[in-house]
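S.K.: Dropping a structure here in structure tokens format, bear with me for questions.
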Amino acid sequence: MYGTTILSIRKDKSVIVIGDGQVSLGHTVIKSGAKKVRRLSSDSVIAGFAGATADAFTLFERLESKLDKHPGQLMRACVELAKDWRMDKYLRKLEAMMIVADKSISLVITGTGDVLEPEDGIAAIGSGGNFALSAAKALIDIKGISIEEIAKKAMKIAADICVYTNHNVVVEKIEG
């Protein structure tokens, strides 16, 4: 998936999801301040997306609906979304990935039906995802650095390297 970087970090009972604001069409920057990270389910869930914007909004709506059916059960809601995404003829064509997190779990959801929980609490998607992921993993064990500092530094590194990622970030956090 091209066009963005979304990073999620879980540390010391807190979780943060951060994403850049660049929207690209081919090789052209269309918008630099898009909000690809938002809160769902009465602000108890944070979700970020990479991929086609219209597809992501469709998935946000579907996830919100699943969360309404299964309140407080993020894993179940995500598995139900992934099932629909994989089986529905229309949804199968959507080109996006999502990171979702609540106070207890972080998940990556893909269009191939995967619902993955990162074993170390760090996940990233999008064109700059591997850069942000590597930087966050390198910074996570440094004493005295906050989860916000790790996330912002990792995103800065990703934006410095990835042409589809910019420095305008949106940060959402859930305290443990």
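These residue numbers are counts, starting from 1, taken along the chain as shown.
Any Cβ shown, glycine's included, is placed from N, Cα and C.
I grabbed these lines from Swiss-Prot:
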ACT_SITE  T4  active site
BINDING   A159, C162, T165  Na(+) binding site
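Help me picture these features in the structure, burial and contacts included.
M.R.: In three-state terms derived from DSSP, T4 (active site) belongs to neither a helical nor a strand segment and is classed as coil. In this view, T4 (active site) is surrounded by 31 other Cβ atoms within 10 Å of its Cβ, with every protein chain counted.
Note: C162 (Na(+) binding site) has non-local neighbours T5, S127, G128, F131, i.e. same-chain residues 6+ apart with C-beta under 8 A of its own C-beta.
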S.K.: At the level of the C-alpha atoms, what whole-angstrom distance separates T4 (active site) and A159 (Na(+) binding site)?
M.R.: 9
S.K.: Using DSSP, would you call A159 (Na(+) binding site) helix, strand or coil?
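M.R.: Where A159 (Na(+) binding site) sits, the three-state DSSP reduction gives helix.
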S.K.: For A159 (Na(+) binding site), which residues in the same chain are close in space, meaning a Cβ under 8 Å from its Cβ, but six or more apart along the sequence?
M.R.: T5, D20, G128, T165, N166, H167
